[in-house]
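Below: one structure, written as structure tokens.
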Amino acid sequence: MLLARVGRFASLARPLACTASAAKPPPELVFLTARRAYSIPARESSYLLDATGVETYSPAASWLHWAMAAGVLTIVGTVKLAQNSTAEQRKRWGWSKADLMHLHKSVALLMAAAIVPRVAVRLLSFAPPLPAGPALEHAAAHTSHAAMYAFLLGLPASGIAMAYFSGKGLPFFKYTLPGAKVADGKLAKKFYGWHKQLGQLFVYLVPLHIGATALHAWKGQNLFTRFRFN
């Protein structure tokens, strides 16, 4: 594997060396050669380009975005169904309120694990530039994205803490992660309050995020083309 990489580096270096000029000094030439050999996206461009030249997120960022989007919709959907459906409706569906909340907590734990690589990918790679628009629109986009990350960190953290300090533990599909050996009801109640307040705000942020995407589509800016999966 290493020999193959070295050979690829050498094969790429030969044509690049022929085109070297004062505008591209040797250190930068070496970096460009290594970047091509190892398929590392250029930091100066901050994003990738697909075959048609469209600015895109990296495949890792794209997969994580849509996997977490599905998870978030499941989390919000299950808790809203549990809160707003009647016992008769749930009986027809074959789901109890406890079943819905069990799925809510299980998927939430998956999202808590996924946020770690999601943040890492976001910090180590770069997003494409925002579509053309007024400065206020760009500021709103940056603010909403920062808020989304804050909620994706705060909601699972408060939920996990609530379950742990309650002593009941956290359900994860067929398993249960153990809680504190000595329950602290007062602390669990405090985390429950924070979790509930964050959740009440988050249900407004999700449709706002989706609505912003629809607005860009209406303006002729298809943001879905910015995601690539290979």
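Placed from the backbone N, Cα and C atoms, the Cβ positions cover glycine too.
Mean pLDDT, taken over the domain 'Cytochrome b561 bacterial/Ni-hydrogenase' (57-225), works out to 91 on the 0 to 100 scale. What TrEMBL lists as domain 'Cytochrome b561 bacterial/Ni-hydrogenase' is 57-225.
If you look up TrEMBL, you'll see 63-82 (among others) marked as transmembrane segment. Only residues 6 or more beyond the boundaries of the transmembrane segment (63-82), in the same chain, are considered here, and those with a CB under 8 A from a CB of the stretch are 57, 90, 95, 97, 100-101, 103-104, 107-108, 110-111, 114-115, 117-118, 121, 152, 199, 202-203, 206, 227, 229.
Summarising the annotation, TrEMBL assigns transmembrane segment to 103-126 (among others).
Residues or ranges marked as transmembrane segment by TrEMBL: 146-165 (among others). Counting residues 6+ beyond its ends, the transmembrane segment (146-165) has Cβ neighbours under 8 Å at 68, 72, 105, 108-109, 111-112, 115, 118-119, 122, 177, 179-180, 183-185, 187-188, 191-192, 194-195, 198-199, 201-202, 205, 209 in the same chain.
The transmembrane segment annotation in TrEMBL covers 198-218 (among others).
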